[in-house]
Amino acid sequence: MAPNIRKSHPLVKMINNSLIDLPTPPNISIWWNFGSLLGICLATQILTGLLLAMHYTADTTLAFSSVAHTCRNVQYGWLIRNLHANGASLFFICIYMHIGRGIYYGSYLYKETWNTGIILLLTLMATAFVGYVLPWGQMSFWGATVITNLFSAIPYIGQTLVEWAWGGFSVDNPTLTRFFALHFLLPFLIAGLTLIHLTFLHESGSNNPLGITSNCDKIPFHPYYSLKDILGFMLMYLPLMTLALFTPNLLGDPENFTPANPLVTPPHIKPEWYFLFAYAILRSIPNKLGGVLALAASVLILFLSPLLHKSKQRTMTFRPLSQSLFWLLVTNLLILTWVGSQPVEHPFIIIGQLASLSYFTTLLILLPLTGALENKILNY
């Protein structure tokens, strides 16, 4: 009998073991869809980004005009740009849901998978930040100025570091050129890191909502979950196409329709919505270095999740107290996102400070304590 190429060919065999014959727990829910959704987001972003890069000019005098030209004169250029800009929002929605799932179901106990995932998040945030600068509108320019300036808070080397990043004494042509180069490069780095992330995941296999081993009862990924994933793709592309076709500028800042002008500062400098929670934490501390450290800690705190797990149960499925805290954390992040979009004045300052404090308190103190308390209640 002729050998099955799917199982014998060295390259096809790898694809088969990752996407077709992969043994998968039979009880994983829709929350396990987000990994593949992130994959399709990345593919969409790379494709639309490549098409945009063909018409873009990374020069301060031409960048804004080249984006306008793409939208006006290139066949379906407006659609490609709208898909790329709103695709970033979908990407972040998916990654935040994916991380939330990981925290709720204790997936962070797969330490290597979790840590590579956080590195992926940081790379994605860097990519989105440098990408936002490229249209060279007012918010692009001032966002780049404000965020890169934060590095000057680093003692001793800060100022040198910022001028080195800028390629001069302010955000100018060299900055735009290097940001374009980075924005082109980083998605391919993300693709490479994704493969590492998956390699680590397939070492242990997927977690499941019960948090117990499922080695005794697994089903092949295809056709069961491949079909379920395609449903997920359709449900994700629906809001993406709706945004891109009906309200393409809903999530953008109107300031970015004005070409960058170093002499005019916008009244409210703020990043895209998916960074607002971190921006609110940054602003809640009245000291520059303190703010930068809090900003870094707001994401890097995820590295501590495996160390802060004190419960004898892996998931929160049967832990109502931890569940309440988890949803409190989600609400807290929504409040931070809202506060980040508001001007720096009363009452937003105090709301932001309280929300920032409760964010760190919940993750560092309340969740581990509740885990230990639940062990006691259940006589573990």
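Residue 1 is the first one shown; counting continues down the chain.
Any Cβ shown, glycine's included, is placed from N, Cα and C.
Keep in mind the model is a prediction, meaning the values are calculated, not measured.
Copied over from Swiss-Prot:
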BINDING   HIS84, HIS183  heme b b562 binding site
BINDING   HIS98, HIS197  heme b b566 binding site
BINDING   HIS202  ubiquinone binding site
TRANSMEM  34-54  transmembrane segment
TRANSMEM  78-99  transmembrane segment
TRANSMEM  114-134  transmembrane segment
TRANSMEM  179-199  transmembrane segment
TRANSMEM  227-247  transmembrane segment
TRANSMEM  289-309  transmembrane segment
TRANSMEM  321-341  transmembrane segment
TRANSMEM  348-368  transmembrane segment
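Everything Swiss-Prot records as a feature, shown here on the structure.
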residue : record                   : contacts (Cβ under 8 Å, 6+ apart)
HIS84   : heme b b562 binding site : GLN45, THR48, GLY49, LEU52
HIS98   : heme b b566 binding site : PHE34, GLY35, LEU38, GLY117
HIS183  : heme b b562 binding site : GLY49, THR127, VAL130, GLY131, LEU134
HIS197  : heme b b566 binding site : THR113, THR116, GLY117, LEU120
HIS202  : ubiquinone binding site  : ASN17, SER18, LEU22
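A contact between the transmembrane segment (114-134) and the transmembrane segment (321-341) is absent, since fewer than 3 of their C-beta pairs, 6 or more residues apart, lie under 8 Å. Against the transmembrane segment (289-309), the recorded stretches 34-54, 78-99, 179-199, 227-247, 348-368 differ in Cβ pairs under 8 Å, and the greatest number is found for 348-368. By the Cβ criterion (under 8 Å, sequence separation of 6 or more), the transmembrane segment (321-341) is in contact with the transmembrane segment (348-368), since 3+ such pairs are found. Counting Cβ pairs under 8 Å to the transmembrane segment (179-199), the stretch among 34-54, 78-99, 348-368 with the most such contacts is 34-54.
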